[in-house]
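Peer 1: Attaching a single structure in structure tokens format; questions to follow.
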Amino acid sequence: MIAPSILSADFARLADELARIVGADWVHVDVMDAHFVPNLTLGLPVVEALLKVTDIPMDCHLMIDDPDRWAIGYAEAGAYNVTVHAEAAGDPVKLAKDLRAAGAKAGLSIKPGTPLEPWIDVLKHYDTLLVMSVEPGFGGQSFMPEVLDKVRQARGLVDTGHLNLLVEIDGGINSETIELAADAGVDCFVAGSAVYNADDPGKAISALRDRAARTRGGA
Ligand code: DX5
Ligand code: ZN
């Protein structure tokens, strides 16, 4: 699955930019609060407006402090998947239950320096694990291959039935790095600049998906 990130889109024309990502499985929306990360993007009112103009399932990535207080609004608004950061959540199990009760999938994200082990039990309550492959905050950064060990570990836990979730990766995904990520066992690839900086975002999405599928297929 390919989830283009609108962080690299033209913020003055977001409805048009959503229409350009033909064939996207999800649309990834990066919410930043200038506290959890050193950048500020958009929040619930903009997400609500975007939900009205697209049928693409929305993947909200909340890079914010106190998600225990704020995440539920995104689920109630109709986001398909709401991802909070493990480093910011106070009671991540309760948060997952609340998100699911509000009708959304629940996602947990870990920054590049955050290990997976301490979160494995918590992840039993989650539908997606978002492994950050850059320091969260900005688009267009270089992929950090050292996070792939965590991807392999998560893939193993899913394949052996210990966890039941989608493994998602975010940051620096392009036509080369997607092969490394696919080989390590990623299910869903977030791509911002690789999709929105392309002349034809729809073509870029299908090219990325083909590359990932070929790698996962062992070709
Ligand atoms: C970074 C965001 C990413 C970002 C990815 O903090 O979470 O979703 O948009 O952008 P690229 O694909 O350009 O690295
Ligand atoms: Zn993101």
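Every residue gets a Cβ built from N, Cα and C, even glycine.
I grabbed these lines from TrEMBL:
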| type | residues | note |
| --- | --- | --- |
| ACT_SITE | Asp30 | active site, proton acceptor |
| ACT_SITE | Asp170 | active site, proton donor |
| BINDING | Ser5, His61, Gly137, Phe138, Gly139, Gly140, Asp170, Gly171, Gly172, Gly192, Ser193 | substrate binding site |
| BINDING | His28, Asp30, His61, Asp170 | divalent metal cation binding site |
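Looking at the shown structure, what environment does each listed feature sit in?
Peer 2: Non-local contacts of Asp30 (active site, proton acceptor) by the CB criterion (under 8 A, 6+ apart in sequence, same chain) comprise Ser5, Ile6, Leu7, Thr41, His61, Met63, Gly139, Gly192. DSSP assigns Asp30 (active site, proton acceptor) to a strand.
Following the DSSP three-state reduction, the secondary structure of Asp170 (active site, proton donor) is strand.
Taken residue by residue with DSSP, Gly137 (substrate binding site) is part of neither helix nor strand, so it is coil.
In the three-state DSSP assignment, the secondary structure recorded for His61 (divalent metal cation binding site) is strand.
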Peer 1: Determine, to the nearest whole angstrom, how far the Cα atom of Gly137 (substrate binding site) is from the Cα atom of Asp170 (active site, proton donor).
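Peer 2: Pair distance, Cα basis, whole Å: 11 Å.
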Peer 1: Which whole-number value in Å describes the distance between the Cα atoms of Asp170 (active site, proton donor) and His28 (divalent metal cation binding site)?
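Peer 2: Distance (Cα to Cα, whole Å): 10 Å.
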Peer 1: Checking the recorded positions Gly137, Gly139, Asp170, Gly172, Ser193: which ones have Cβ within under 6 Å of ligand 2?
Peer 2: Asp170
